[in-house]
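Asker: Sharing a structure below in structure tokens format, with a few things to ask.
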Amino acid sequence: MDYKPEPELHSESSERLFSFGVIADIQYADLEDGYNFQGNRRRYYRHSLLHLQGAIEHWNQERSPPRCVLQLGDIIDGYNAQYKASEKSLERVMNTFQMLRVPVHHTWGNHEFYNFSRDYLTNSKLNTKFLEDQIAHHPETVPSEDYYAYHFVPFPKFRFILLDAYDMSVLGVDQSSPKYQQCLKILREHNPNTELNSPQGLREPQFVQFNGGFSPEQLNWLNAVLTFSDRNQEKVVIVSHLPIYPEASDSVCLAWNYRDALAVIWSHKCVVCFFAGHTHDGGYSEDPYGVHHVNIEGVIETAPDSQAFGTVHVYPDKMMLEGRGRVPHRIMNYRKE
């Protein structure tokens, strides 16, 4: 597929500081093409691995390689569990990622939990918490082991925070545990449907089983990290499988308690961008506080003759998303102080 760069992406008004890659919803499975649950969108299960290979080749060949790649969750498809192919498929995708010459940060989505328990994921190669940054003398910025979240610094004065959008969820947890019972109670209070994956008739359609939320503990931790970033004049990028801003997403795909997450973010000045996957269609909106919400288009529903990934170029005054295939270009200016 021919690619022509848009002129404004390369009319650089200031020096580029660094870049990072983004890719979402690979959902690989060794299966023939299929369709989504509604039967109206084609899914390219095998070809998703070729799209990933193409993205990695591109990042490896960049004249100035990205500092890291953000993998936004749903790395293999839930169908793998049905065919007892979860570990084999994960191994194939992880072997492909080994060709990447820069670190990759893995986010967990619903399809990770269709295939594996939380305990399994914690002890797997999908746990990239070892790449975290630890802030000396600030114990409040150390995340709990109860959820999968951490922060890291790819470049001075830029902090990236990876959130666990299934910290509150009925997926991947032992059904006899108090946590499962608590989350099931929350889900049933908002969703009376027999089929908990159905949003039919719901006032808050995000309360479905394939979504999840952020615990108060995780949001308190997020608040502590953002407080540190405010004080130290850092710019912050937040990463989550689930989106949190309604204007950038189908309402069925939002995190359960997206309002709570927004309230924390909006109480700080440091956050410039929030990247998510999950929707497959992508989406974008700048909120009233100047935070850019970007949902990256899903690899799984990308035709073989197209692509779905991006490279974000970071400048002192803005970020530029250079999209490939289905992923559009975007210029995201930082809010004026």
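For all residues, glycine too, the Cβ spot is worked out from N, Cα and C.
Feature table excerpt (Swiss-Prot):
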{"type": "MOD_RES", "residues": "Met1", "note": "N-acetylmethionine"}
{"type": "BINDING", "residues": "Asp25, Gln27, Asp74, His280", "note": "Zn(2+) 1 binding site"}
{"type": "BINDING", "residues": "Asp74, Asn110, His241, His278", "note": "Zn(2+) 2 binding site"}
Asker: Of the binding-site residues Asn110, His241, His278, which one sits closest to Asp25 (Zn(2+) 1 binding site) when you measure Cα to Cα?
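Answerer: Looking at Cα distances from Asp25 (Zn(2+) 1 binding site), the smallest one goes to His278.
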Asker: What whole-number Å value do you get for the CA-CA distance of Asn110 (Zn(2+) 2 binding site) and Gln27 (Zn(2+) 1 binding site)?
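Answerer: With distance taken Cα to Cα, Gln27 (Zn(2+) 1 binding site) is 11 Å from Asn110 (Zn(2+) 2 binding site).
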Asker: With His241 (Zn(2+) 2 binding site) as the reference Cα, tell me which of the binding-site residues Gln27, Asp74, His280 is the closest one.
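Answerer: Nearest by Cα distance to His241 (Zn(2+) 2 binding site): Asp74.
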Asker: Using the Cβ centroid of Asp25, Gln27, Asp74, His280 as the reference point for the Zn(2+) 1 site, which residues of the same chain not in that list have Cβ within 8 Å?
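Answerer: Other same-chain residues with Cβ inside the cutoff are Ala24, Ile26, Gly73, Asp77, Gly109, His111, Gly277, His278, Gly298, Val299, Ile300, Glu301.
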Asker: According to DSSP, which of helix, strand or coil covers His241 (Zn(2+) 2 binding site)?
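Answerer: In three-state terms, His241 (Zn(2+) 2 binding site) counts as coil.
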Asker: Long-range same-chain neighbours of His280 (Zn(2+) 1 binding site), Cβ under 8 Å, sequence gap at least 6?
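Answerer: Set apart from His280 (Zn(2+) 1 binding site) by at least 6 residues yet with Cβ under 8 Å, we have Asp25, Asn36, Arg41, Glu297, Gly298, Ile300, Glu301.
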Asker: Just to confirm: which same-chain residues, 6+ apart in sequence, have a Cβ under 8 Å from the Cβ of Asp74 (Zn(2+) 1 binding site)?
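Answerer: In sequence order, the residues whose Cβ lies under 8 Å from that of Asp74 (Zn(2+) 1 binding site) (at least 6 apart) are Ala24, Asp25, Ile26, Gln27, Gly109, Asn110, His111, Glu112, His241, Gly277, His278, Gly298, Ile300.
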Asker: In the structure shown, with every protein chain counted, which of the binding-site residues Gln27, Asn110 has the densest set of Cβ atoms within 10 angstroms of its Cβ?
Answerer: Gln27
Asker: Applying the rule Cβ within 8 Å of the centroid of the Cβ atoms of Asp74, Asn110, His241, His278, what extra residues of the same chain belong around the Zn(2+) 2 site?
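Answerer: Those within range, site residues removed, are Asp25, Leu72, Gly73, Trp108, Gly109, His111, Glu112, Ala165, Phe210, Leu242, Gly277.
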Asker: Within 10 Å of the Cβ of Asp25 (Zn(2+) 1 binding site), how many other Cβ atoms can you find? Include all protein chains, please.
Answerer: 28
Asker: According to DSSP, which of helix, strand or coil covers Asn110 (Zn(2+) 2 binding site)?
Answerer: helix
